[in-house]
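Notes to accompany the following structure.
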């Protein structure tokens, strides 16, 4: 029989001996009474930007969606299978989270693919091409900014994409209502993998700035 | 201006003073040379089952998709926006991960919704209803198991769903080829939030068993 | 003359030199004053799941019925020879035990036979077929759960069977009365031969959970 | 929720810390490869005469039926639910045990009931009365032995009953065939709770004698 990867089991042993043992009561409590996360966090799949690590969060705090490039598609109640929209609906309507954070990060492979002038489909299905197509108009505009360096275009699209997702999130009627009622707050964030810097989006201007931490 | 949540900033301060400071070289290295995660991990959004915590993993190890109930849809190259399929394509074709782990967990809200005989849409869009529709045939069969308790039906569907996702994953031609060539290995896992137990799927029988850790 | 098996005599010598010598007073006392076991335990004949070993119990503690698959038939005062019902009557009415425990276990051969789609009688008498017929409706329902693995169907029926026996036990008027008066308590348990895990039945939901031991 | 009895959990803890830990490999092996007990042992439910304790046996050695007064009913393939016959069929036909041991013991409550001249049913169902009815002709004859003391009559019926069960066992065609072929051996034994003495039945004469141990 195929073995479960040993390095994952080794990590699990560390978890059980360490964190689980220390937080056992919390886990039992969370199992018995259910989760009440304060925040829906939409992040990228990237292995270098795990939200629970960056925010040093405890079990039960963050309800986390992770897709390539942390995208939120626009509201589209068309009966097909929408992974991200389903998670948003559950977080807002059932868990009633107080915050939604869309967190992008530097050196994002999905954003890089979206900006690549010579992008070739990664498989016959071209799933990345279709998925990053959500950013197509933005990517096309950024690509014409010939005065920006490649790195600047990448960072620019990473941040444009977060603002785009914020707008798409507001296209969901139940999000808009809850935000209007002051029951949910929407935030953008951007993480620099190399320096560890966290930048947060100014809700008024859309600028990304370094919070006083 | 709307403030970024203070508890997230407090967590970020802890991260910077602790883990980032300790692992700065690793972060810089990962930023400079890109990620090479060994594992694609498909997990649930649930705030109580973060993969990086359960496997005590370091930055750069796990490429993580999180959607409600850790579902993988079947291969459907239809040009629409498939969050999960795009992440799988990227992990297999670009990152060339050696392992894929589909991790479910106990007390999953999505699974509970799928089994609820009186489920009412959570919004006009009914996104959770449509998303969990991926499990509809399985849920309908499990619902008829009247001799099982509600808890047993829930655990049963949580595990059936993992096997279902394994099968769907194999419907992607590029996954099938890589697996046949012995270049990628597919695993199932199930986490018990209360006890912290990890159960892994026997690849032959599909049974979930406790690994010797 | 046919010899009594040597390995049983060897085991008996160990008993006399060890446990009997250590507990001689207890044996004499139990012989002089009769047994007053606290618990009626209904277990399977399986050689791997002896109650006195699993509960490390002393002589005089457990009144033990063992039949294939630890079944309790429904109350049937029809004048025929009911091994299990007779033991229950004696334990409740004469010994006045405070607890009844029905203990099943994993990999039960009787349950396996009940689930086997191609079961052929083991002899002309078909005694196993008739005995496991007590579980026929349950076995038939579980057999239709095609999404469960063979192992999962087996575990499911092992546990359904315990709940079934609990229900049948309550069909005995004298049990029902004693339970209603708070004088006897009914419990279910399930033992995993491989891991040694003991799971106990939640009296309210019927779920099997691991007790905090 | 009703608690599982604490003294049973305490005993289970001792088992896990002691015997299970010491014999873990054996338990895993027995789970993986199935049981192959050498002996079918038919004993009484009495809390003072557990076979695994008296023969100091290890997991996997004894397939154990326990009913009141260790009775074997005669072969009766009538389609009703025969607990003891089913266990015999399984042990002989599936497990192919090499030995069958019928073990009685002193101060047996069932035998005492069978001999009681003023026995009143223990419940409306009179299950003990019906079950011990298997010994009725023998009990009636012993009751007339007015020269024997009450204690002698009790011991006499305990032993007559074992010989009776040996005869009934041989009424099963598949047992008779296997015995004739030399593949199974049938033994009687009687345990004295007070002194710990084991007496075994001489297969030729039917006498109970103390083996050289």
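Each Cβ is built from the backbone N, Cα and C atoms, and glycine gets one as well.
Some features that TrEMBL has for this protein:
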BINDING   D:44, D:46, D:105, D:108  Zn(2+) binding site
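With an 8 Å limit on C-beta distances, none of the binding-site residues from D:44, D:105, D:108 reaches chain C.
Around residue D:44 (Zn(2+) binding site), taking its Cβ as the centre, 27 other Cβ atoms fall within 10 Å, counting all chains. Surrounding the centroid of the Cβ atoms of D:44, D:46, D:105, D:108, where the record places Zn(2+), the chain contributes additional residues within 8 Å, namely D:43, D:45, D:48, D:49, D:69, D:70, D:104, D:106, D:107, D:109, D:110, D:111, D:158, D:191, D:193. For residue D:46 (Zn(2+) binding site), the same-chain residues that are 6 or more apart in sequence and have a Cβ closer than 8 Å to its Cβ are D:105, D:108, D:109, D:193. Its own atom aside, the Cβ of residue D:108 (Zn(2+) binding site) has 25 Cβ atoms within 10 angstroms in the protein chains shown. Look at residue D:44 (Zn(2+) binding site): DSSP puts it in a strand. A sphere of 10 angstroms centred on the C-beta of residue D:105 (Zn(2+) binding site) encloses 23 other C-beta atoms.
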